[in-house]
């Protein structure tokens, strides 16, 4: 059934058979009038944005501070027990991980505890997800640590991580009871650990500003370019870099931390060059910790449905290792590296170093994008699972403020973490009140327990970090299944993983995004373009190459192009159409012209016309079909090159007496065709709602022309 887009009244129908056929195949649609006055839209949006009523202010405040919505409705008896239980368990797990991941970020252990404490409180106020756990995330810590090491080197410090240096025992930040005079003096004598957290906090501030800006300008669409396969490959690749950065602590080696392109390979080269300097005490301790942590973690996962709470094996290992190191005097006897002094209480707030912003502003971009992409994806995943909704834009605000505010309190960058979120959900979490309980657990450690970890070996922290990488490294087991589901996604995963591990994390992310976009372009550049056949006793047409027992209508070729038609694939469209139909109209026209010229020459040589029969037969040789129906159901849009290509195809085939009909064009494509003046006067009837209607029209037209010819 044909369609007129610009017809506003019924036109006079032709008489006789033409009238029947036209009435059967034509349908008149009156398009909606689209008001596209930019001025009206701007005025409307300005009035909406600038109007201020009490109700609107209230709605804005409640949406910006979601805690004001759900906290008054908190069901104490129903929710409290689960929130307390999950909060305590996550807090117990978070304490050792915070200390361990501080080492990864190039910071002292105390700063990891600060980060986890403030992040939980701020997300409690701004977040819309009831289940995610916001805090330290390994990949983000790695990216922060790489920038911190680079800036420390630029500032003239040595490359040994400041987190656990012996200088920290006697230099700045000795305890939280120092006087303001001493505090000023220590600021003037800022050592490596002081400068490290300054760099980390400044970059955290900038990353938070980026995230809040993305929320304000509603550019969360950036995350759509980070597919699941890309993020998974990036995290796995970064996990290799994390493992490599921690390997030297397992062996007790004192080697500089490599950074930049190829840091993974450079680090392993340094490790093997210094393997003879391995500290046997640290190596044995690392092996013992692995033997305890890995089996217990596996038991936790295997029996998680039966256990009310996971076994806090990391905390047990840290306590046992600290006691063994203290009473065995492993530092004094064997030279093992230990955590050193961890002060209690809180340091006075201080602003970021504004002079450092030009140095770290670019590095903060991938950190901000990865942070909000992981947070938003986890929020939406658990919201869908538990039947509530989250606001992606508000989540960007929440994670942004989880970075901006703590940056004034000596913290580094945070995001949601899957492992801790799964623990939080499985142990009875109902609301973000559990996050407040987690903060109280960390506060207890900050105020009382932290100094007791003085003798904790660094190799134990490295083991905890590496063991927590098991989930990311296990993705290799899923590759066969992923390959079976989508080879393109598997290749994206492998490319992103390899680039993140072998080049650098930031470049790996960029490579993954660019490669994903190229895959999309390549898939539209060489799309499927089958010929279609008719399913008997129906109005359906399907691919002849995909299904058996399909029928074809005599003299009609049905062709489907399964991609947008634009400048990249226009040549592919033409070449595939010519190949599938077996007729290139340009070649046919050229051959006919040559045959006509040959016929004229032969006629001049033999006026009797005895030698022209072959040429005449060639000129009038039938093509095997008289109509091509192009199924446009998969063509999402046309650009100017696409419209021009369709015009050329129709013109070329028309010149060899083959008509081209378009079917199943969406409104966008129809609008583009009309604006591009695709149809000549009175040719609108060549546009059809379905392939079946186009085929019926072609059969009817051919029958009518045959009848006219016989008359």
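Each Cβ is built from the backbone N, Cα and C atoms, and glycine gets one as well.
In TrEMBL, annotation is done automatically, which means it is predicted and not curated.
Per TrEMBL, these features apply:
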{"type": "TRANSMEM", "residues": "79-101", "note": "transmembrane segment"}
{"type": "TRANSMEM", "residues": "121-144", "note": "transmembrane segment"}
{"type": "TRANSMEM", "residues": "194-217", "note": "transmembrane segment"}
{"type": "TRANSMEM", "residues": "356-376", "note": "transmembrane segment"}
{"type": "TRANSMEM", "residues": "397-419", "note": "transmembrane segment"}
{"type": "TRANSMEM", "residues": "439-469", "note": "transmembrane segment"}
{"type": "TRANSMEM", "residues": "490-518", "note": "transmembrane segment"}
{"type": "DOMAIN", "residues": "546-698", "note": "domain 'STAS'"}
Outside the transmembrane segment (121-144), six or more residues from its ends: residues with CB under 8 Å to it:
64-67, 70, 90, 94, 97-98, 101-102, 104-106, 112, 115, 200, 203-204, 234-235, 238-239, 241-242, 245, 363, 366-367, 370-371, 374-375, 378-379, 382-383, 386, 388, 390-391, 394-395, 397-399, 401-402, 405-406, 412-417, 420-421, 423-425, 429-433, 435-436, 438-439, 465, 468-469, 505-506
What else in the chain is close to the transmembrane segment (79-101), if you only count residues 6 or more beyond its ends and a Cβ gap under 8 Å?
109, 112-113, 115-116, 133, 135-136, 138, 141, 309-310, 312, 314-315, 317-318, 339, 420, 423-425, 427-431, 433-442, 445, 453, 456, 461-462, 464-465, 468
Considering only Cβ pairs within less than 8 angstroms, which of the stretches 194-217, 356-376, 439-469, 490-518 has the most against the transmembrane segment (397-419)?
194-217
Between the stretches 194-217, 439-469, 490-518, which wins on the count of C-beta pairs under 8 angstroms to the transmembrane segment (356-376)?
194-217
Take the transmembrane segment (439-469) and find every residue of the same chain, 6 or more past its ends, with a Cβ under 8 Å from one of its Cβ atoms.
87-88, 91-92, 94-101, 103-104, 109-110, 113-114, 116-117, 120-121, 124, 138, 164, 239, 242-243, 246-247, 249-250, 252, 282-283, 285-286, 289-290, 293-294, 297, 314, 317-318, 321-322, 325-326, 330-331, 336-346, 419
Folded-back contacts onto the transmembrane segment (490-518), same chain, C-beta under 8 angstroms, at least six residues removed:
139, 142-143, 146, 225-227, 229-230, 232-234, 236-238, 240-241, 260-265, 363, 366, 369-370, 475, 479, 482-483
Overall pLDDT for the domain 'STAS' (546-698), taken as the rounded mean:
81
